[in-house]
Amino acid sequence: DATSEGRKGDIKREIKMRKLDSTKVRPLKSEQLLRIDDHDFAMRPGFGGSPIPVGIDVQVESIDSISEVDMDFTMTLYLRHYWKDERLSFPSTKNRSMTFDGRLIKKIWVPDVFFVHSKRSFIHDTTMENVMLRVYPDGNVLFSLRITVSSMCFMDFSRFPLDTQNCSLELESYAYNEDDLMLYWKHGNESLSTDEHISLSQFFIEEFSASSGLAFYSSTGWYNRLFINFALRRHIFFFVLQSYFPAMLMVMLSWVSFWIDRRAVPARVSLGITTVLTMSTIITGVSASMPQVSYIKAVDVYLWISFLFVFLSVIEYAAVNYLTTAEERKQLKKRGKVSGMYNIDAVQAMAFDGCYHDNETDIDMTTFAVHSEESSARGRAASIPNLDATRIKRKRSLKGNVGRIILQNNHVIDTYSRIIFPTVYIVFNFFYWGLYV
């Protein structure tokens with residue numbers, strides 16, 4: 001009937017149109033269809049005329065790493081080039097494009113874009129080289145690559161770890177200056193897109209932006225340059241746990257020394273040395289993970305001032321111990337007990353006993369005669385049992401009165417240090433966090 005005949009006619013016309021579409025003719029090779037052998041693709045399109053416009057757009061897939069020590073970053077991205085080469089135009093009734101892989105790239109002209117300040121870069125090649133070439137009938141070309149590149153980032157660590165770093169990836173033609181090639185962002189600021197799931201362990205990505213400019217080389221002239229800019233704000237919580245909080249604890253631990261009996265030499269010296277060594281370890285650990293810069297970082301200010309507080313607590317006890325020893329010797333001289341043997345016993349008891357020396361108990365020690373060698377010899381023979389008896393008396397006198405005795409035995413320097421050290425450290429923290437945060 002007429003309906004079936006009409007359908008057959010439409011089918012025949014469609015088959016005829018397919019045959020006329022040269023993009024679907026199988027026997028014709030791509031080189032023959034694009035007439036690659038008829039042109040010299042060593043020269044850019046429009047050679048000798050105006051510069052060829054090459055549009056760029058970038059999709060950032062991931063930021064793989066940020067290295068403070070090497071001052072660089074690693075990024076994986078899709079880099080797409082757009083230009084028109086009329087030598088590649090071909091007839092097509094349906095205006096369909098042709099897509100090729102990387103094997104055709106070496107036979108035609110493509111822009112020679114490279115990454116300025118890059119250290120390492122490579123095109124992914126699993127399972128095949130990640131390269132795509134799409135040619136449209138009017139000669140427009142899309143050239144896409146999947147690349148991982150490591151590039152320099154000039155970082156400023158003066159506010160580390162409370163810093164924000166501004167890095168950029170720069171693209172430029174290697175051989176063609178602005179007289180031969182005009183590099184530009186294909187869609188303006190929208191030419192740069194990012195994956196929604198991009199995240200870093202130590203940084204928060206604040207923004208991505210695209211910009212352009214010119215670069216001058218004295219031997220070859222001016223070149224168009226494109227910039228992929230991004231700002232990274234550092235997460236501080238990790239450093240609070242690893243550096244700031246331990247430093248605060250060490251400083252506060254050093255203040256415990258002010259509440260320990262001034263004559264308990266082993267306890268106070270051990271505490272002071274332990275806090276000093278711990279602060280040194282914290283400072284060394286932070287420095288090992290940072291580049292050797294010649295300026296002071298924010299974390300250096302905090303750690304070294306904390307180290308100064310810990311060090312001053314040790315110096316404070318050295319002063320207290322010296323003044324206590326000098327005061328005791330003066331009291332012994334006033335009481336007429338400057339005998340050599342007694343003086344040695346008193347100092348040894350103060351330095352190694354670690355107990356409080358009650359003056360009234362110490363006075364009960366056996367009086368040594370200094371008028372003759374005979375009485376001196378007898379005093380030395382009796383010194384050992386008498387010293388043991390004195391220590392027993394001293395320990396009995398301490399029972400139930402330790403707190404009162406420690407408070408009464410405070411040196412004036414300890415008393416003021418209990419107030420001055422915490423107050424100054426709290427004021428320093430207010431200024432520090434107010435300045436850097």
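For all residues, glycine too, the Cβ spot is worked out from N, Cα and C.
Curation plays no part in TrEMBL annotations; they are all automatic predictions.
Among the features that TrEMBL reports, domain 'Neurotransmitter-gated ion-channel ligand-binding' is placed at 36-235.
As annotated by TrEMBL, domain 'Neurotransmitter-gated ion-channel transmembrane' applies to 244-332.
For 236-259 (among others), the entry in TrEMBL reads transmembrane segment.
Taken from TrEMBL, the feature transmembrane segment covers 271-290 (among others).
Summarising the annotation, TrEMBL assigns transmembrane segment to 302-324 (among others). If one looks beyond the transmembrane segment (302-324) by at least 6 residues along the same chain, the residues whose Cβ comes under 8 Å of a Cβ in the stretch are 243-244, 247-248, 250-251, 254-255, 257-258, 262-263, 265, 268-269, 272-273, 275-276, 279-280, 282-283, 286, 350, 411, 413-414, 417, 421, 424-425, 428, 432.
The transmembrane segment annotation in TrEMBL covers 419-436 (among others). Non-local neighbours of the transmembrane segment (419-436) in the same chain are 159, 162, 251-252, 255, 258, 298, 301-302, 305, 309, 312-313; each lies 6+ residues outside the stretch with a CB under 8 Å from one of its CB atoms.
When the domain 'Neurotransmitter-gated ion-channel transmembrane' (244-332) is classified with DSSP, helix, strand and coil residues number 75 helix, 0 strand, 14 coil. Mean pLDDT across the domain 'Neurotransmitter-gated ion-channel ligand-binding' (36-235) comes to 92 in this model.
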